[in-house]
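Each remark here refers to the structure printed beneath this line.
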Amino acid sequence: MADPSRPIRPHLFLLFSLFFFLCFFNGKSSHFGIENDFTWLLDDDEDDKLDIVQTRITDSRRRCDLSVGKWVYDPSYPLYDSTCPYLSTAVTCQKNGRPDSDYQKWKWKPRDCSLPRFDALKFLGKMRRKRILLVGDSIMRNQWESLVCLVQGVVPIGSKKVTYNGISVAFHALDFETTIEFCWAPLLVELKIGPENKRILHLDLIEENARYWRGADILVFDSAHWWTHSEKWSSWDYYMEGKYLIKEMNPMLAYQKGLSTWARWVDLNLDPRQTRVIFRSMSPRHNRENGWKCYKQKTPLAFFSHKHVPEQMLVVKEVLRRMRFPVYLQDITAMSGLRRDGHPSVYRKAMDQKERQHLRDFSSDCSHWCLPGVPDLWNEMLNALL
């Protein structure tokens with residue numbers, strides 16, 4: 001293990017100097033490139049090459065991009081309620097005292113087709129004897145809890161159970177021999193403790209996490225938010241690549257390197273005839289105004305005042321474009337960006353009457369999602385993709 005006090009080698013210094021020059025020349029940090037190609041993050045003209053990994057379904061008449069559409073009020077939703085026993089306290093907004101409930105009653109309507117309503121029995125029938133594994137951060141845990149609650153109501157009490165194995169938790173529908181599992185790996189690559197208890201993010205190591213992924217029939221990945229935490233909230237002190245210990249790196253360059261390690265693992269270890277792989281795009285946050293942007297929001301936005309594509313999405317698309325394995329990109333970013341009403345805000349914990357009179361004394365969570373809520377529609381989309 002390299003000494004944290006060890007200076008960066010001269011050729012690395014020259015490389016970072018080149019990155020800095022290009023960043024300055026273009027006027028913002030998002031223009032850092034990879035592998036001596038500093039243009040792909042800016043090039044939107046090649047999106048058609050991504051057909052194999054876009055959120056699209058095909059019927060006998062036309063292709064349909066599920067990510068393009070609008071939110072439609074539907075009083076028949078939600079498909080379960082906040083008494084589902086598999087929900088974390090932090091997302092049971094109704095139980096925690098949120099006074100409005102209409103945020104649960106919006107469904108996603110694609111522009112060019114219909115998205116089938118989630119049918120738990122049909123889903124479990126399709127997934128009989130299969131292992132579904134969702135891998136990622138706490139937002140993916142959010143989606144896992146949603147999927148489990150969508151199906152568990154049709155499974156008899158004696159025919160379901162939850163098991164734990166290291167960094168994973170699994171729901172078992174025993175009669176269907178179906179497993180719906182969540183595996184904690186917010187960065188996908190390995191984060192380890194090094195000398196002097198320094199936290200080191202290994203951009204080229206993944207097997208300690210990936211050993212949990214082997215044998216799954218369906219793999220759904222996400223990784224985005226942890227890569228862009230501010231320095232105050234960063235989960236690591238150093239990056240490591242090969243033998244080189246690096247104190248600072250452009251976050252999008254690090255993200256590209258980490259995702260490329262994941263992509264190589266998928267290409268080398270999985271067989272597309274046996275395993276479906278889906279990469280879910282980043283869930284948007286509405287954290288402006290110190291997290292109060294989502295407080296008291298009760299309806300979706302109808303449209304965006306301007307189109308914004310997160311840098312992470314550009315990196316993901318480029319990494320997927322370079323892969324041999326056919327990974328499907330489930331794009332939920334723009335549709336979820338319209339739903340600033342769907343976050344827990346202050347209703348992330350149960351509060352007594354006195355606390356409810358001083359809500360501004362509590363932090364506001366505009367990253368995770370109330371359940372029932374927005375992730376249920378991600379899972380309806382996932383069901384259509386499968």
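From the backbone N, Cα and C atoms, a Cβ is placed for every residue, glycine too.
Keep in mind it's a predicted model, so treat the numbers as computed, not measured.
As given in TrEMBL:
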- 63-114: domain 'Trichome birefringence-like N-terminal' (DOMAIN)
- 115-384: domain 'Trichome birefringence-like C-terminal' (DOMAIN)
- 1-30: signal peptide (SIGNAL)
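DSSP labels the residues of the domain 'Trichome birefringence-like N-terminal' (63-114) in these numbers: 6 helix, 13 strand, 33 coil. In the predicted model, the domain 'Trichome birefringence-like N-terminal' (63-114) shows an average pLDDT of 94.
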